[in-house]
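Q: Would you mind keeping the following structure in view while I ask a few things?
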Amino acid sequence: LPICPSGSVNCQVSLGELFDRAVKLSHYIHFLSSEMFNEFDERYAQGRGFITKAVNGCHNASLTTPEDKEQAQQIHHEDLLNLVLGVLRSWNDPLLHLVTEVQRIKEAPDTILWKAVEIEEQNKRLLEGMEKIIGRVQPGDTGNEVYSRWSGLPSLQLADEDSRLFAFYNLLHCGRRDSHKIDNYLKLLKCRLIHDSNC
């Protein structure tokens with residue numbers, strides 16, 4: 001169900017409805033990201049010590065994101081909206097390549113591949129929805145173009161299996177983390193902008 005048909009001039013979906021859809025989508029993406037990470041972790045990461053190496057190794061670490069609800073509440077809604085947009089945009093390339101490269105993992109289960117495809121598609125939808133929300137909240141502003149470029153493709157193609165699996169592990173770990181943050185930020189923004197912070 002598209003948020004508004006592309007090119008439609010008189011899209012009458014309310015801001016509240018746009019936020020409802022964005023929150024549902026972000027929740028779904030986080031659910032899928034968590035499931036995919038857990039499945040990969042159980043199948044490929046056991047006994048390899050990946051978790052100790054994965055700390056702070058995300059490609060968009062340069063985007064300063066609030067760590068908790070209290071920090072997020074200190075940020076102006078326009079900045080928080082742009083931050084969500086930046087994080088979503090920073091995932092376009094990694095998700096696209098994840099779909100391709102995950103097929104090359106030895107005995108990769110179909111469930112992991114399906115989730116990678118689904119997350120990539122839903123991330124695009126959420127990005128479109130966020131651009132519409134920003135267009136309503138800040139008319140004329142399409143959000144800043146500040147987002148982190150990803151340069152991790154070579155690490156997903158390494159010949160050394162351990163190194164390659166760690167690159168996947170790290171990417172999925174970061175995806176789960178970021179999808180959780182986006183889910184929380186959108187709930188906070190919806191509360192602030194739609195319910196006047198009464199939630």
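Any Cβ shown, glycine's included, is placed from N, Cα and C.
Feature list, courtesy of Swiss-Prot:
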| type | residues | note |
| --- | --- | --- |
| DISULFID | C4-C11 | disulfide bond |
| DISULFID | C58-C174 | disulfide bond |
| CARBOHYD | N60 | N-linked glycosylation site |
| DISULFID | C191-C199 | disulfide bond |
Q: Hey, which of the disulfide-bonded residues C58, C174, C191, C199 is the loneliest by Cβ count within 10 Å?
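A: Looking at the disulfide-bonded residues C58, C174, C191, C199, the Cβ with the fewest others within 10 Å is that of C199.
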Q: Can you tell me which recorded positions out of N60, C191, C199 are within 10 A of C174 (disulfide bond) by Cα, answering none if there aren't any?
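A: Of N60, C191, C199, within range: N60.
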Q: Whole-number Å only: compute the distance from the Cα of C191 (disulfide bond) to the Cα of C58 (disulfide bond).
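A: Cα-Cα distance, C191 (disulfide bond) to C58 (disulfide bond): 28 Å.
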Q: Rounded to a whole angstrom, what is the C-alpha distance between C58 (disulfide bond) and C199 (disulfide bond)?
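A: Roughly 32 Å, rounded to the nearest whole number.
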Q: Would you mind checking how many other C-beta atoms are within 10 angstroms of the C-beta on the residue listed as 'N-linked glycosylation site'?
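A: So the number of other Cβ atoms within 10 Å of the residue listed as 'N-linked glycosylation site' is 18.
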